[in-house]
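**Student:** Sharing the feature lines straight out of TrEMBL:
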type	residues	note
COMPBIAS	471-487	compositional bias 'Acidic residues'
DOMAIN	2-145	domain 'SPX'
REGION	466-494	region 'Disordered'
TRANSMEM	248-269	transmembrane segment
TRANSMEM	281-304	transmembrane segment
TRANSMEM	316-333	transmembrane segment
TRANSMEM	339-357	transmembrane segment
TRANSMEM	378-400	transmembrane segment
TRANSMEM	412-430	transmembrane segment
TRANSMEM	512-538	transmembrane segment
TRANSMEM	544-563	transmembrane segment
TRANSMEM	575-594	transmembrane segment
TRANSMEM	669-693	transmembrane segment
Amino acid sequence: MVAFGKKLKERQIREWQGYYINYKLMKKKVKHYGQQIQDGTLDRRHVLKDFSRMLDNQIETIVLFLLEQQGLLASRIAKLGERHDALQEQPDISQISELREAYRQVARDLLKLLIFVDVNATGLRKILKKFDKRFGYRFTNYYVKTRANHPYSQLQQVFKHVGIGAVVGAISRNLHELQDRQGSYLSIYDQAALPLQDPVIDSVRAAVDRLTHSTNFLSFLGQHALIVQEDELPTPVEERVDDQRYHFMSLLLNLVNTFLYMVNTYIIVPTADDYSLSLGAAATVCGVVIGAMAVAQVFSSVYFSAWSNKSYFKPLVFSSVVLFAGNTLYAMAYDLNSIWVLLIGRLFCGFGSARAVNRRYISDCVPLRIRMQASAAFVSASALGMACGPALAGLLQTNFKIYKLTFNQDTLPGWVMAIAWLLYLIWLCISFKEPSREDEVIQQESSRTTENDALEKGLKQPLLISSDDKKEDEDGDQDIDESEEAPEETRRPATSIQSAYRLLTPSVKVQLLIYFMLKYAMEILLSESSVITTYYFSWSTSKVAIFLFCLGLTVLPVNILVGSYISNMFEDRQILLASEIVVCIGIVMSFHMFNPYSVVQYVSSGLIMFVSAEVLEGVNLSLLSRVMSSRLSRGTYNGGLLSTEAGTLARVVADATITLAGYLGESKLLNVTLFPSLFICVISIIATCFTYNTLY
């Protein structure tokens, strides 16, 4: 474990060395205080006063240097503005290019300043936590409370960015005006505000958001894709490689694949019990029918992720062919009167799950400047497919035969999806462009400057204390003075599921448990909805489809609310714990404890459970995307694969639970399947409470 003192030394900019928080000195001071209190030579009140004064002096040094550097940046921008004005009179293409690069250099220096604030804020949090742990006194609460809004305190200046915001605005405006605007008579203020397509500005804004803990709907939703990214400033070579690899139609085809697969997953939910009954099986066998797809996906996710190391086109073609075959078998099972053909068809559909390829394509082939938008589109396509699947099933209420083939509400979902995948396959073969692997070699072999290495290290680090930091506090009290780079082996991607699992910290493991829990609870609710509503309320397939469609429609509005408002008002870990508790309340409300079991109880409890699970999933994946090891951002066994496997395994277990509970009779199905959901939910709440202080 690398101690924080070593991390701090590695991330320091040499010429600014005297202005960083003196973490090593303060840690020794805390240790010295402890010894003096034990010996009885020092009073506790004297310790609090002395340590507070030391922190005040450290913060003042940081803030005054921060203000000085902001002034220097403002002065440079003013001088560049004079050059900009001169070029307005006599345009010169070469000088315009030089001026743009000069503005970009100012932005890079601003990024260095933001990392300076990041490092010091992290050091401040860690030393406060170390003090609390050493003396068993909540000094952090006292110090922050007394200095937060006091007119003489400069604590908040570390986290306020009025000056920095002005610098970002000035750089962005000038770069925007210099960006392909020759011959235009329009001012940038005459047009709708468009994001500046410049990686350095994107990196600066991401760093400011990280410092202020602010978020927006786009970034919040994009993080759900769990495309773990190393926030770095790309070199010009990497930018060109990204642009060469990017092909909009190929990205669109990946998103359509994601949408169709989610439609394929949920289109059978309203009719799976009827289909099982028509083939001579029990209605609760629908759990196996629905879950067969998830069982196969557990394995397909791994081989598709590995296949995407070599190609994107071939796995997508294979996926489409297998899904076409699987849906055809699913539809033909009715006329063949075989439950086994039905299950084999669903297994084929699971073996065609290319979500790992879809996610990997965005991670590898989409330029950094639009990667967050692409990730958000990936999540949106999944949510839309989840809502459209049951809705489409509700529309397929007909019954006719062509030759010996039957087309009814049970078989039409299979036939419709088979045709959809066939059309998709044709479109794929015509329009998909395989990215050049030579470009990837260039990208991997392009050298990184020392400056960009420093930026990469700085931007990767979260501001709040992670579980890694907690381990350092507990086990690594000695600072390491060596500043050598970490060995290359520590930066390589994981080579197996086991090695990827070893990279997970305890808090990340808890978050994966939470993900398992919410997927289990949601799958129980969705998969048994047709059986439960038919037994208790005699709902038709259309009513079940409408209910599931309405649940699916809540996904994006809920994420807009959380991403744009709630996450900026409360800490993510607070939302996480609150959402788990509400999920637990929804599960308890769903139990059949009183007669009669009403539609209002079922719908309201299901809505509470589903919406709170959606909130929980959003916040949980948002946290995971920020704290998961950067080594899980690439390779076959990446963070996205781990989350997919956890969620898929939850669905498999949930669907198996429904089928096994069916042997006890439909009257007991609801309560029997809810007990495991409640148990896992309670366990996850307890685990969250134990790791609450280590969550980001």
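Numbers run from 1 along the shown chain.
Cβ atoms are placed via backbone N, Cα and C, with glycine included.
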**Student:** Tally Cβ pairs under 8 Å between the transmembrane segment (512-538) and each listed stretch (339-357, 412-430, 544-563), then give the stretch with the top tally.
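**Tutor:** Top-ranked stretch among 339-357, 412-430, 544-563: 544-563.
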**Student:** So which of 248-269, 378-400, 575-594 has the most C-beta pairs under 8 Å when paired with the transmembrane segment (339-357)?
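**Tutor:** Going through each listed stretch, the top one turns out to be 248-269.
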**Student:** Averaged over the domain 'SPX' (2-145), what pLDDT does the predicted model reach?
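**Tutor:** On average, pLDDT over the domain 'SPX' (2-145) sits at 80.
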**Student:** Counting by DSSP, what is the helix, strand and coil composition of the domain 'SPX' (2-145)?
**Tutor:** 127 helix, 0 strand, 17 coil
**Student:** So which residues does the transmembrane segment (575-594) touch in its own chain, when a touch means Cβ under 8 Å and the partner is 6 or more beyond its ends?
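**Tutor:** Contacts of the transmembrane segment (575-594) (Cβ under 8 Å, skipping residues fewer than 6 from its ends): 514, 517-518, 521, 525, 562, 566-567, 601-602, 604-606, 608-610, 612-613, 615-616, 619-620, 623, 670-671, 674, 677-678, 681-682, 684-685, 688-689, 692, 695.
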